[in-house]
Amino acid sequence: MLRYLLIPILYLQVVLGVLSEVLPSLKPSVVPKNTSLLSGRGVFRQLIDHTHPEVGTFSQKYWFNTTYWGGPGSPIIFYTPGQHPATNRLYYLTDTTLPGLIAKEVRGAVVLVEHRYFGESQPFDNLSTSNLQYLALDQVLADFVHFARTVELPFDLSGNSHPLRTPWIWVGNSYSATLVAWTERLFPNTFWAYYASGAAVNSMQDFWQFNYPTQQGMPQSCRSNLEAIISHVDNVFLSGSPEQKQELKIRFGLQDLSLLEDTAYALSQPIIGWTLIQPSDTHTQFSEMCNAIENANFSSSRRDFGSKTNFQTVLDNYADWFKTSYLPRLCERPNYSGWTGRNSVQCLDTVNLSSQAFHDLSVQNDDRVWDWIACNYFFFWQTGSPIDTPTIFSRLIDPVYYERRCRLIFPKEGNATYGIAAGVTDKSMNALTGGWNRTGKRILFTNGEFDPWRSASVSSVFRPDGPMQSTSQQPIILIKGVQHQADMYVRNRINKEVREAMDTGIAQISRWVLDFYTENSKTLAHDLQGFCVH
């Protein structure tokens, strides 16, 4: 009898010990002296196919930082860098970013796990269509759940960092925030709470709404001029003479592109730079573009109207800036033959089937992996707005443009193909994930007011019932005046709106952490009482 009682009694002592440490204050009483970037790294043997374990395993890499960790039973702050090799995103382990800041607040350890098929976490030695079959949404989400449930963390061999014994908090931004939201929906009951910054939750193949927040937030005279430029480009490419079309391509340095849609796409690309602007930035490529167009001096945050400029001058200014500042070295890639010229346009050419972009199956080709994700289950293709809506993205770019590229990059190999070719659509994805219709539990969403990704988020103005309302179990914070994932970086705390959002979010996560220990102490006490009676 004693040996059966010993385990629950010791477990209760551990949890109550953690409670006594955590409940009075979630902040460490003394800031640890160890401020090194990393505490260590590990290798996890991950299943290639979670429905067929016999397929085998691969080495999934992870890193951890225990600078603020309070010991066994203390929280785990979980993060994945999504579509980036982990070695390029290890700063997310530190308190210069939100995961590290939360860890500091709740005395947690940060654990960063690399996404399958990126960086060093490769199931196969090449990225053929057949090998990419295991890069599917269910496999990706199952990776992180399986990791949390079964990993033996090197810094806690006691086993008390299991999700049943300690709260695992998943923090994500951008694509990884979408994974956060979809995990909460499809794989609940492993992670205790979630923080999703800039999560696109409603799948869209024709994502023209991406443009809207940019149009609302950018300097309005720059917006008007860009709308006029894109309208002119579309008119020339749709109804101009062959000479006029070629002249326009030459003006922008894009004469080597044979497909008009590729040229239109290239001329629309600088607009996407709006997404990257952070409140702490003092100079951005986007503001540089607007300044060049109007010979003005806009800051990255200014949104007022400027003076009107003659359209021909505006067009010439944009062409000069594009050709001399944006295009040079855009496509330069030394390891690809033909891509070494300063003004190469090879990365923009989607019809040159001899291009190495179509044949590079090496596991270092992150662009191919991301293309697969987009073609398989993620979508969110930026397109031109409907004809009755002003656009800053060419209307020549529609879902067909992207789907054609999917077919060329990922030829069918036997029965192996990508999601869209197999019948996956945005509608089927939303039926699976819930899209805009969701009722979450202990998940916090944040979105920037002028973030293009807001249009697919819970705060979207395009949501049929309007932006989703915040609840106690699913708090939603709209950060005024900022773009994408601004609350992920401590340097952005210079912005009042970002600072308040971060403080509110961290306080909410802290309360949920306390809830875990409170609820689990009651459950353990009840279970132990029942066990002793019997």
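Cβ from N, Cα, C; glycine included.
The signal peptide feature in Swiss-Prot is assigned to 1-17; the stated evidence is sequence analysis.
The N-linked glycosylation site annotation in Swiss-Prot covers Asn34 (among others), and the record cites sequence analysis as its basis.
For the recorded site, Asn65 (N-linked glycosylation site), the DSSP three-state label reads strand. The N-linked glycosylation site feature in Swiss-Prot is assigned to Asn65 (among others); the stated evidence is sequence analysis.
Of all the Cβ atoms in the protein chains shown, 13 others lie within 10 Å of the Cβ of Asn126 (N-linked glycosylation site). According to Swiss-Prot, the N-linked glycosylation site annotation covers Asn126 (among others), on the basis of sequence analysis.
Counting only same-chain residues six or more apart in sequence, the Cβ atoms lying under 8 angstroms from the Cβ of Ser174 (active site, charge relay system) belong to Gly82, Ser197, Gly198, Ala199, Trp453, His484, Gln485. The active site, charge relay system feature in Swiss-Prot is assigned to Ser174 (among others); the stated evidence is sequence analysis.
The N-linked glycosylation site annotation in Swiss-Prot covers Asn297 (among others).
In three-state terms derived from DSSP, Asn335 (N-linked glycosylation site) belongs to neither a helical nor a strand segment and is classed as coil. Sequence annotations record features per position, and here Swiss-Prot assigns N-linked glycosylation site to Asn335 (among others).
Feature annotation from Swiss-Prot assigns N-linked glycosylation site to Asn352 (among others); the stated evidence is sequence analysis. Same-chain residues at least 6 positions away in sequence with a Cβ under 8 Å from that of Asn352 (N-linked glycosylation site) are, in sequence order, Gln346.
Swiss-Prot lists Asn415 (among others) with the feature N-linked glycosylation site, giving sequence analysis as the kind of evidence. With a 10 A radius on its CB, Asn415 (N-linked glycosylation site) counts 8 other CB atoms from all the protein chains.
If you take the C-beta of Asn437 (N-linked glycosylation site) and look for same-chain residues 6 or more apart in sequence within under 8 angstroms, you find none. Under the three-state DSSP scheme, Asn437 (N-linked glycosylation site) falls in the coil class. Among the features that Swiss-Prot reports, N-linked glycosylation site is placed at Asn437 (among others), with the record citing sequence analysis.
What Swiss-Prot records for Asp451 (among others) is active site, charge relay system. Note on Asp451 (active site, charge relay system): other Cβ atoms within 10 Å of its Cβ, all shown chains, come to 29. Asp451 (active site, charge relay system) falls outside any helix or strand according to DSSP and counts as coil.
Take the Cα of Asn335 (N-linked glycosylation site) and measure to each of the recorded positions Asn65, Asn126, Asn415, Asp451: the nearest one is Asn126. In this structure, the CA atom of Asn65 (N-linked glycosylation site) is 31 Å away from the CA atom of Asn126 (N-linked glycosylation site).
Counted over every protein chain shown, other Cβ atoms within 10 Å are most numerous around Asn65 among the glycosylation sites Asn65, Asn335. Asn126 (N-linked glycosylation site) sits 18 Å from Asn415 (N-linked glycosylation site), counting Cα to Cα.
Each residue contributes its Cα atom, and for Asn415 (N-linked glycosylation site) and Asp451 (active site, charge relay system) those atoms are 39 Å apart.
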